[in-house]
Amino acid sequence: MYLDDLPIWSMVGNMTAMPQRSKPVAMLYTHRVFDIAYNGNRVYQVSVASGKPVEVKEGDAVTFTYSVNWHETDKPFEQRWDEYLDNAFFEHQIHWFSIFNSFMMVIFLCGLVFLILIRTVRNDFAKYAREEEEAEPGLGDESGWKQLHGDVFREPPHLMLFSALYGTGWQLAVLAFGVILYAALGRFHGEVYEERGEVTQSVLSIYSLTSVVAGYASGSYYRQYFNTPRREMQDSKWQQTMLFTILLFPGVIVGVVSFLNIIAMSYSTSNVLSFTVVANLFLIWIFISFPLAVIGTLFGRHWGGKNTFPCRVNTYPRDLPEATPWYAKWYFVIPATGLLPFGSIFIEMYFIFTSFWNYNKFYYVYGFMLLVYLILMVVTICTTVVAVYFVLNAENHKWQWLSFNAAGSTAVYVFAYAVYYFYFKTSMKGFLQVAFYFGYMSVFCIGLYILCGTVGVAGSMAFVRTIYMNIKVD
């Protein structure tokens, strides 16, 4: 409950065990005492206390009463939210230590990736140059990533789906950065926790505007596998790709929210979305998101994503090797790649989950969140690049989907942590609470999977282009 945009909370009732009863008795708090502190004509603080619980029997009429106590205070209105911010919790020493630990891990990981890959790739270049000078024509015994120059830039299977995921991932990446940055700069425009629903409003606004990013990224990625727009119009289905990009993530959200809305209606709770809210969201999507996505796709199709691959793609695909090292197999690469990025954010996940699912915790350290988000992006790129190098060196040219799933596996660890958090850190029970918890967590983790997967693919593409740009092929 909110009073003058200040949150207040109190127990509705409980189930109490009675010695002389075989079943617990429903007890309801029917009287509330509101205590309101004011300064001038402004409300400074609100608290509520409950009276003695009353037993409620089936079919009984319930009468609710309340009383209000007013008292004046000289504390300034601007500081009224200080009573709600738990500095001891959010600025605990372990929070600072986790940020420092993640930052040091980024430095170490980036340095390690730089040293290993630069040294290894340089040695590969030297080896290939030496073989070209010493070996006779037709007698080369080369192995490794260079042998894939005719297949490494081959389009991934299910190109439409991959392009849609790639565009959606870039939209979510820009959305997350924009929302966190907006919240972190709250001292210049007003803290987001002071206005009810401001975070939700910023998410909707930025998501609608970043639809152009999704369209451009999807259209340009799809376009790069075709030489000219004319051929693209004849040989591809770019229109379907555009619609797939526009509908992909909103479709997931609509499906989950509709399911939760049906459950909420069956329980007659206040969490049911009204027709007005649904209509407004649809109008925002149809008149803002949809046109911007179309514009972005047209820009990406005509002016972005031109075929600039450094190597020509062979007509027939190369066969995959029968024997692959264990460290280059998908069932090792995918879970191993997501482990380090999750390790860099899992402590922050505890603070985020606690503030989201706990009624008396309000997240306000958005500077921490921004730093953790940037750390996640850097660690994801580094680990995915290493994974792709191992896969290419094992002469497996199908790296695009593997890199996407490897980077996105971070979200699987986050969902596993969400399951742990539900059972060990919350007291939720009942089908309604379970459905809402795992419904929201599913949407969050699906979005995180697409976001991290896209960032991993982008970093891997830059790496692959760089190493194949510097080799000589016949």
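Backbone N, Cα and C atoms are what each Cβ position is placed from, and that goes for glycine too.
Listed features, source TrEMBL:
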TRANSMEM  94-118  transmembrane segment
TRANSMEM  159-184  transmembrane segment
TRANSMEM  204-222  transmembrane segment
TRANSMEM  243-267  transmembrane segment
TRANSMEM  273-299  transmembrane segment
TRANSMEM  330-353  transmembrane segment
TRANSMEM  365-392  transmembrane segment
TRANSMEM  404-423  transmembrane segment
TRANSMEM  435-464  transmembrane segment
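Recorded stretches compared: 159-184, 204-222, 243-267, 435-464; the one with the most Cβ pairs under 8 Å to the transmembrane segment (330-353) is 435-464. The stretch from 273-299, 365-392, 404-423 with the most CB pairs below 8 A to the transmembrane segment (94-118) is 365-392. Through the fold, the transmembrane segment (243-267) approaches residues 160-161, 163-165, 167-168, 171-172, 211, 214-215, 218, 273, 285, 289-290, 293-294, 297, 431-432, 435-436, 439, 442-443, 446-447, 450 of its own chain, all at least 6 residues removed from its boundaries and within a Cβ separation under 8 Å. The list of residues near the transmembrane segment (404-423) in space but at least 6 beyond its ends in sequence, with Cβ under 8 angstroms from a Cβ of it, reads 162, 165, 330, 333-339, 341-342, 345-346, 349-350, 353, 357, 376, 380, 383-384, 387, 434, 437-438, 441-442, 444-446, 448-450, 452-457. Residues 117, 152-153, 165-166, 168-170, 172-173, 176, 249, 252-253, 256-257, 259-260, 263-264, 271, 337-338, 341, 357, 376-377, 380-385, 388-389, 392, 399-400, 403-412, 414-415, 418, 422, 426, 428 of the same chain, all 6+ positions outside the transmembrane segment (435-464), place their C-beta atoms under 8 angstroms from a C-beta of that stretch.
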